[in-house]
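Trainee: Got a structure for you, questions after.
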């Protein structure tokens, strides 16, 4: 079991994910035999991670020390903070503590993975306290682009460690929802904060992030200008934005149709908790869309990030069963692309425009505001908390670096600020803070499927990239080891390498190479098996294809072997001796068959 290289009286802070990146947030505080985890998110893959659905953390250290884990405390319900829970809970069953809206979303996730019954899930609010033997946890209310957002304070024998979660100081939230609780934050600061770990997402923006109320006003103005059908795309979890859009639509007498499972779930949760108020007679079944004139309809859908299978992408591609783009349609994107999604979002906007729709999006039309504080928000948090030590989190390196300089400007000594990487361990006492250890195992895990067992590693990613860039060539043949003959094939199949109908000469040459690769294996090996044949085929094809094209496709031999057990060879002619290399013609020889040959065995590799 891996142990941290710290002193017994020191408290440790480390990140499993969330440093040097935007996503897979997971932060840990450990004192002796108690570990408190804050958030457990996923990261959405870049385009180059072909076939990967999610990127999660490597949980090895936590799995090895699972008996020390007291619980996971959730700051809010965004995917980069809760999306990893189903994967982590498959390895470690621990209690979860979350606010009402996050709890509702987590229940849906765990139920889908059949984990809900076995998971201890506690609903908390800003006034809750959770006590363990040596550590205890309290909360403070913040504002973000999702309801029930809290920061987490972990109280240790050496002092209080703060994790802000995602935040901005929205002084005028929509729907008369509460503003950040400055009193709670100031009280923590007055009592003394040992370490502040704070959201760095917008550290590059020298501003105070705009209020959601500002977006509400502009959405209304945009909707008033639209005469045809509105298709509104946003993050499903941004219930405030969904409320603004639905209120604006209902003022115009529009009916609302909802598309996308995550959108349906978020709206149901928002309605149940009172964050959304859409009367039942304002909601219509998607199948009723054509019963209303375009100017009396708004469609709310998922897909603002260009996700291929989301409702908006299927609408743009013409593959949605119930909606096709009409010339008078206006698609409203009330979001900005998250890191990694810019290319797919731009492609989606282009596709919608090509289909005849008008597209209105993001900051250009003042219909999006970030949920993360800019530099002024971050400085205000630093002034409220007055930390002795500071470590920026939730951001790429350049964001962390700027945030560190902001901390120094607000009075934190330079030597008391730390830019950490995932796995770095800070060891703290009341008066000291040092970089004490590094947990090597905390890398990325790529999920290609539904659960943590469907993970792929760097070799698979490299191979997928090679397949996408160079293509694949498959060589197929059937050989009989009783009399050392090629009884079927060889055949060459190219996918993503060359177009076969336009490359007949190359395909013929490749066939020739496979033919002689097999015959030379018969001639030069005392015992022949599929591995020997495969090696010879790959070697000869690689050389030919690179010489002819300058490319290196993935080569997959598929050789079926008959009579694999009939290998007691006599020095007699076989097919290789019967022919001359270069002819490419299959000839049967007069090799004497063994009278006691066993039944045919077929093996494919």
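Any Cβ shown, glycine's included, is placed from N, Cα and C.
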Trainee: What does TrEMBL list, out of 144, 361, 368, as binding the same Zn(2+) 1 as 76, 80, 81, 166, 394?
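Mentor: The record-listed residue among the candidates is 144.
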Trainee: Looking only at C-alpha atoms, tell me how far residue 394 (Zn(2+) 1 binding site) is from residue 199 (active site, proton donor), rounded to the nearest Å.
Mentor: 5
Trainee: In whole Å, how far is residue 372 (active site, proton acceptor) from residue 76 (Zn(2+) 1 binding site) when you measure between their Cα atoms?
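Mentor: Roughly 13 Å, rounded to the nearest whole number.
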Trainee: Work out how many Å separate residue 372 (active site, proton acceptor) and residue 144 (Zn(2+) 1 binding site) at their Cα atoms, rounded off.
Mentor: 7
Trainee: Which has the fewest other CB atoms in a 10 Å radius around its CB: 76, 144, 372, the listed recorded positions?
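Mentor: Across 76, 144, 372, these recorded positions, the one with fewest Cβ atoms within 10 Å is 372.
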Trainee: Cβ neighbours within 10 Å, counted over all protein chains: which one of the recorded positions 80, 166, 199 has the most?
Mentor: 199
Trainee: Using a 10 Å cut-off on CB atoms, tell me which of the binding-site residues 81, 394 is the least crowded.
Mentor: 81
Trainee: If I take the Cα of residue 199 (active site, proton donor) as reference, which of the binding-site residues 80, 81, 144, 166 has the closest Cα?
Mentor: 166
